[in-house]
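Below is one structure; the comments refer to it alone.
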Amino acid sequence: MLRPTGKQYVVTRPLYSEDAFADEHAKVRRQQSNMSCCLIGLLLFSRVKNAALSLLPIVGWMRIYRLKEWLLSDIVSGVSTGLVAVLQGLAYALLASLPAWYGLFTAFFPVIVYLFLGTSRHISVGAFPVLSLMVSAVVTRMVPDEGSLFNITGFQGLSIEEQRVMVAASVTFLMGLMQLAMGLLQIGFIVMYLSDTLVSGFTTAAAVHILVSQLKFVLGLEVRGLSGPLSIIYVSEGKIFVQIEKTNMCDLATSLVIMVVVFLVKELNDRYKAKLPVPIPVEVIMTVIACGISYAFDFKEKFKVDVVGHIPMGYESPVAPNMEIIGHTAVEAFPMAIVGFAVAFSVAKVYAVKHDYTIDGNQELIAFGASNIFGAAFKSFAASTALSRSAVQESTGGKTQIAGLISALIVMVVTLAIGFLLEPLPKSVLGAVVIVNLKGMLMQVCDVPYLWRRDRPDCVVWLVTCLASILLGLDLGLAVGLGAELITVVFRTQFPRCSVLANITGTDIYKDRKDYVSIYEPEGVKIFRIPSPIFFANIDFFRGKLVEAVGFNPLRVLRKRNKAMRTIRKLLEKGELQMLPKGLLFTSSGPIEECEHYSNMEDLDKPIDFKDLPLRVNWNSDLPANIQVPRVDVHSLILDFSAVSFLDISALKGLKAIKEFIWVEVEVYIVACDAHILEKLHSCMFFDEDIKSSMFFLTLHDAMLHVSEKHPVRSENTNVYTKEGIPQSSNTFGGVRKQYHKYKCI
């Protein structure tokens, strides 16, 4: 065997059981308070105090702001981001089934609030295509093209567009309220239940929905918006393809040119980003060119191209949300709140790691909640962050949210002064820009083969989330995906990969016996590793796997032995068994009568009682009178609890079944048990006359050394396997099992 080339270490210490270690090493005593005091102290003092101290993160980064070094970079970044924000605001407002200029409100009001409350210095707050699509689903459900189907008091005297704006603002207010509440309650951890795989599948499906929704602008068709399950099929097949011959060729040509040019320049930006001082703002450039050409050649009148149209100057007066609409949209608002925060937090984490600062998830919830509440008052719709816009803000040198403030000022200038210049802009240009920006989300499909090779449960989550979100809609699809994800977690914990361990020869390391070629297995010892928490759903699974690992069912063996003991007692009473120096002799020549049937089967499940017998039975030897009992070749069972993080009450009751092994003379040891689990075992009165605390050992190797001392095994009986698979002798633990000296043996 090759000697290890790395450093070696030698440790000399006593052999520790848990009791011996506790006796020798005193523990620190912590003050334990009752549950109600913990909750009050945790929620009303610590968390509220921390939330109050971090309420204005702007104070923290403004104190370290390097005016001379960062200001110019923030200005350049803010101008670039602001131009993109104007364009994306118009495009994503159309995606939300709202008039285009309301996207400018979303690119302004939430940014101002986030400047003071947000902890990320690099994300660009504003419209996000997935959220815009979710807003569109609510808007078209509440106010379809043929008019509202709901009797809402606030709708009276309003046009369809105004009704849709009211719906969007109200659902945005409710979304912000939910985010704010989650932030104040410090439950930002809820986003952890949305894995990267689930978010990837969900955003890919959202990209498909967005692509289909933008086809009406690219093709210049009039398509009524639909929402609900299978709406994507109804829209694409029943609304778009049936009137494909009505395609406006001017819109189609304009869209194709825009998409090709923007795509190529974006690729150049990615390839030469190290050499370019700032990325080429191709979207803004192409939008200006398209707007100028449309105005010069009068696309609206000559080619019947649908353009952005009139953009009112200035901002509208703040309005209160409509409570009736809030009552009808609560179900949709919650997934919007979760998705908006999850995407923004994921992007913020990437930039925080890259630029070495920390972000606070709960404060981010507060920031986005307040941003959406404030924005909804001024008729903006749901805000989060767009990946492409945040990339522009970071890649152009943005250092802090001062860049966000500058971008908001650019949007304000457009809204108050020069918005009229965008009136001849074809909507097909905005649709083309949206489609090009879907590249990153659509390319996530390429992750599927990798996931299938590396982690098939994760791949299933991706596929289920994506397909469900495409077919059932984003809200139901997210719920289905989350359900699929939780099911995979349940299956991973309910049916984990248990293993039988063996010693790696010459070390104190224990690994799965199936994975290594040079292993050492003492005769009569089984080491069973439990690789997950034990709770009500998997305790029976573990018991089945344990029986499979040891090769026998202890309860069945116990019943057989109790039946055999009854037969032996009966033969002794009849005199058909005689005591001899070497054991017992069966003297009867006739057939053995079967013991009568016992109506109380519970008697067979009790420990064997030897009190009225002058001997103790060696169950692995040949019994007299042809009595047959299953052999048990295991004398010690070691349970490795190193990966068990918690036990519930059902698991404690199920774990009590290990006494069945003890009753059939198999010694049970539990190793590497967490201190909190040990405390729980003591507090729940787990120990009794059969299960004692002395069976718990500090490490697996401690238990093995204890077993080797108690049951020495001769070297020729020890199984050590080499790389060639040839058994060899080993004296690593040495010795044979000691016999009982107190009793005679059969």
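Heads up, the Cβ atoms here are built off N, Cα and C, so glycines get one too.
Looking at the stretches 278-297, 658-677, the one that TrEMBL records under the feature transmembrane segment is 278-297. If you look at the transmembrane segment (165-192), the same-chain residues 6 or more away from its ends with a CB under 8 A from one of its CBs are 43, 47, 51, 96, 98-99, 102, 135, 138-139, 142-143, 154-155, 158, 319, 321-322, 325-326, 329-330, 332-334, 336-338, 340-342, 345, 360-377, 379-383. Note on the transmembrane segment (333-353): residues 119-123, 125, 128, 130-131, 134-135, 171, 174-176, 178-179, 182, 188, 190-191, 194, 196, 199, 202-203, 326, 359, 361, 364-365, 368-369, 372, 382-385, 387, 390, 394, 474-475, 478-479 of its chain, located 6 or more positions outside it, place their CB under 8 angstroms from a CB of the stretch.
When averaged over the domain 'STAS' (515-707), pLDDT in the model lands at 83. Tertiary proximity for the transmembrane segment (402-422) is limited to same-chain residues at least six positions away from its ends with a CB under 8 Å from its CB atoms, namely 65, 70-71, 73-75, 77-79, 81-83, 85-86, 89-90, 101, 104-105, 107-108, 111-112, 114-115, 124-125, 291, 308, 311-315, 393. Per-stretch counts of Cβ pairs under 8 Å to the transmembrane segment (365-382) identify 100-117 as the leading one among 70-93, 100-117, 249-266, 459-484.
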